[in-house]
Amino acid sequence: MLIILAVTCATATMQAAGGIDFMVRIAEAIIKKYPSRITFVAPLVAYLFTFAAGTGHILYPLLPVIHDTALRNGIRPERPMSVSVVASLQGITASPVSAAMAALIVVVEPLGMSLPKIMMIAVPATIVGVLAASAVMLKWGKELEEDPIFQARVAAGEVEDIPGIIKARRLASRKKISVEEALTELNLDTAVAVDEQVSEQEKRFEEEITAEKNGAIPGSGKVTAAIFLLAVITVVVLGAVPEWRPPGPEGKALNIAIVIQIIMLTAAAIMCMITKVKVRAIAESAIARTGLIALVGIFGLAWLGLTVIQANKDTIVNGLENMVTNSPWTFAVALFACSIVLFSQASTTRTLAPLGVSLGLAAPALVGMWPAVNGAFFLPTYGTSVAALNFDRTGTTRIGNAVLNHSFMVPGVVAIIAAVITGLLISTVV
């Protein structure tokens, strides 16, 4: 719990000083640089920045960028947006500073699974999951030119159409004709791709506005982002080399959970001293609020889950013991089901990970199955899922008539299956 509080302090300070805005700007630049590959690039960017920040909330400002970039290049926005939502979930179970990782470390480190060992399994497994989901969604759904919902919205003036030059290029590619012939066929004499971006010289970056509003000195966005990333690297290095940690009780290396708390709180303090950001702005930041909510939610939901398990221990343990003994991989199903109900990777980890150990699961195998806790997409009511649904003005990212046949189901299930299989394979050699 204290790890989550410490990380929240660091990320909230970074946000108040403009660090999150700076990271988002970098992410936007990467996405816009490779527009035709957005179904792969956008999810990987979402994954990377969730990994670095330890929270999926960094995805919210990226969603409009992903949507507009896809639309302007004639790509169905549902494809990159749905996978990006799933990728942000996967990134949480790879990040060394996420609440979920904090919950897992406490359980498996005493069994010899240090933070680097966990990451050796979790990082490649979740990346494979994201890539598999992107591959499945690459041609998912109708093209925008053939989608009746999109065409109806264009006709009603609710959303802009695909740029004419993009239409012509796509038609030319399909029919193996020249772009000029495609323009003629589309009855377009001239089609100009409009670049709506303001030049770098005239544009004032969002992190500068945030820093000024919150009393921070100019350049605070870059400084706080650098400090935070340095803190993350330090956590990983000290997790890999226990000998470098300060001595704890009985002269042994200090527990990594305490080390994370010290590093993150120190990083937050250094950010405050260097940038002069207002403390009130930190407390009022979006990450501070969501971090507190997450803290209470994890505390309450995990307590509830543990209470239910303890009250029905014989029934639950006996049932799972038989299942896990015969087929150890089925514990991943339990993790997935629990995450759907609890809506939190950290709460699910704290509730079921100790049970997995008590059932005799090897720590590497438990880590290999851990990506199964990313089942929050299953019901289309998770924060990032709702945001994606609302940001997609084309109507391609949507909830089906049966509720569960929504845009996130296929990429979410594919990502979890691929990640768990990869994780279990890697766990045999770690």
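Glycine is no exception: its Cβ is also placed from the backbone N, Cα and C atoms.
Look at TrEMBL and you will find 40-63, 83-106, 118-138, 223-241, 253-274, 286-306, 326-343, 355-373, 408-429 tagged as transmembrane segment.
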Is the number of Cβ-Cβ pairs under 8 Å between the transmembrane segment (40-63) and the transmembrane segment (223-241) three or more, considering only pairs separated by 6 or more positions?
yes
Cβ under 8 Å to the transmembrane segment (253-274), counting only same-chain residues 6 or more beyond its ends: which ones?
2-3, 6-7, 9-10, 12-14, 17, 19, 97, 102, 105-106, 109, 114-115, 217, 220, 223-224, 227-228, 230-231, 234-235, 238-239, 242-243, 245-247, 282
Verify whether three or more Cβ pairs under 8 angstroms connect the transmembrane segment (326-343) with the transmembrane segment (83-106), leaving out any pair fewer than 6 apart in sequence.
no
Going through 223-241, 326-343, 355-373, 408-429 one by one, which has the most CB pairs that fall under 8 Å from the transmembrane segment (118-138)?
408-429
Excluding the flanking five residues on each side, which residues at least 6 beyond the ends of the transmembrane segment (355-373) place their CB within less than 8 Å of a CB in that stretch?
90, 93, 100, 104, 107-108, 111-113, 117-118, 121-122, 125-126, 129, 309, 316-317, 320-321, 324-325, 328-329, 331-333, 335-336, 338-339, 345, 348-349, 415-416, 419-420, 423-428, 430
